[in-house]
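Participant: A single structure is presented below for examination.
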Amino acid sequence: MAFFRSVSAFSRLRSRVGQQPSLANSVRWLQMQSSTNTDLYSEMKELVPEYQERVKKLKKDHANVDLGKTTLDMVLGGMRGMTALVWLGSAVDPDEGIRFRGMTIPECQKALPGAFPGGEPLPEAILWLLLTGKIPNKEQVDSLSQELRRRAKIPEYAYKAIDALPVSAHPMTQFSTGVMALQVESEFQKAYEGGVHKSRYWEPTYEDSLNLIARLPGIAAYIYRRIYKDGKIIPLDDTLDYGANYAHMLGFDDPEMLEFMRLYISIHSDHEGGNVSSHTAHLVGSSLSDPYLAFAAALNGLAGPLHGLANQEVLRWIRNVVKEFGTPNISTEQLSDYIHKTLNSGQVVPGYGHGVLRNTDPRYTCQREFALKHLPNDPLFQLVSKIKEVVPPILTKLGKVKSPWPNVDAHSGVLLNYYGLTEENYYTVLFGVARSIGVGPQLIWDRALGMPLERPKSVTLEKLEKLAGASS
Ligand SMILES: CC(=O)SCCNC(=O)CCNC(=O)[C@H](O)C(C)(C)COP(=O)(O)OP(=O)(O)OC[C@H]1O[C@@H](n2cnc3c(N)ncnc32)[C@H](O)[C@@H]1OP(=O)(O)O
Ligand SMILES: O=C([O-])CC(=O)C(=O)O
């Protein structure tokens, strides 16, 4: 009976997202549905042995399966296309974009609980999904919300560590410093020093990851208020969910902004394992550095302009366009001239191009849909829409850009700016808070599955030339 109820719920979901249920999808969805525990830790305790068994079997029976060859181009080309990592939470298809545990963004928007019926997926729901592979119900998500609030207390010395930096320090420098200060309370480090058996590494990693995720909004909001609002701190509200609380502590209480924050955090959480921030966390964690150390390293990678800092760069670039012409209402020719000016000065057009995607990022599309619903007449949103028409043909004409299409960063800034979060230097901190929700679960699984020290082989230039049969 329960089976048939679930199948019909699945059919309803799929017809709402405009797809027919296939048997394989039904089975996958039913597997995802069977989440029963109200607390996440108990859910994990059940799942860990099952996943360990799967990995053991793969290693035992399929160790020599060929996953593709390594070419010289890959070694010199930033390892693009090289399959080198296992990442449980999500995968990116070049054309279709991100799937969180197999689910596209529109599917997540339909299936995951929101703050109200039909609301955007709650970050807590994404966290549950990424960690367990199961769709949580509202009760489970509410219990996780409560758990994160319970874990959110920040030690005083973390604020003091941030205060030791000048207010003028970049928000990402302050953020990474704050995370390093939180490391003092690492449960993993304590357990390791206490001689914990390796089969139990995942348990203190779980504690650290959940504490880290819970405390980041408070640290991040402190930095915002310190830099931009004369240090007037707003405490956590014990009635609000994770995304809403972060917005509230920043100083924003407009329900539309709260809803945007939930969407923002959910879609920025994870983007498979190879991106700079996630990969960095995984690499650093592989030496058994605890989640704080691993995540601070991830943030330092996110702070680069080719990765997370691009969202800051996009709004700055858009503002410069407006400054140049004195209005956001410019012609296609004016915009085209400005894009060429950027390219001719040896700079990239921020928010465009991607290491994996070869189509418009679905995270761009869902933010556009949000903007069309809530701020269709905003002049900067209209400029962003125009940029999307003008940039791709110009980048395509260069003949070298693999993807001329917009990525996630091309859109977020104008939405934040519309809701009053105008300080673009802060934007990557928001991204960082969100990324913890993807990185934390993988660190837990890395330790649960006994993932080894990561140590790929490098070659000298001479050896590469020799291997290629080229003369030096
Ligand atoms: C959350 C995220 O991290 S999403 C990405 C955010 N970053 C940005 O938006 C910055 C702008 N984009 C870029 O710099 C790139 O597209 C990256 C870094 C995202 C991807 O880099 P790659 O995988 O190396 O891209 P690709 O293979 O297409 O690069 C080939 C050439 O096109 C150039 N190119 C790629 N994108 C752009 C762009 N948006 N503007 C101008 N040139 C570009 C590259 O700089 C490179 O030039 P080069 O050969 O002279 O060095
Ligand atoms: O996947 C990447 O390389 C970059 C990206 O979009 C992300 O990390 O969100």
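Each position is counted from 1, following the chain as shown.
Including glycine, each Cβ sits where the backbone N, Cα and C put it.
Sharing the features that TrEMBL gives for it:
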- His307: active site (ACT_SITE)
- His354: active site (ACT_SITE)
- Asp409: active site (ACT_SITE)
Participant: Using a Cβ-Cβ cut-off under 8 angstroms and a sequence gap of six or more, which residues of the chain neighbour His354 (active site)?
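Facilitator: Set apart from His354 (active site) by at least 6 residues yet with Cβ under 8 Å, we have Asp361, Lys402, Ser403, Trp405, Asn407.
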Participant: Taking just the CA atoms, what is the gap between His307 (active site) and Asp409 (active site) in Å?
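Facilitator: Cα-Cα distance, His307 (active site) to Asp409 (active site): 9 Å.
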Participant: Using a Cβ cut-off under 8 Å and a sequence separation of 6 or more, which residues in the same chain sit near Asp409 (active site)?
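Facilitator: Those within reach of Asp409 (active site), by Cβ under 8 Å and sequence separation of 6 or more, are Gly308, Ala310, Asn311, Glu313, Val314, Pro350, Gly351.
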Participant: If you draw a 10 Å sphere around the Cβ of His307 (active site), how many other Cβ atoms fall inside it, taking every protein chain shown into account?
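Facilitator: Other Cβ atoms within 10 Å of His307 (active site): 18.
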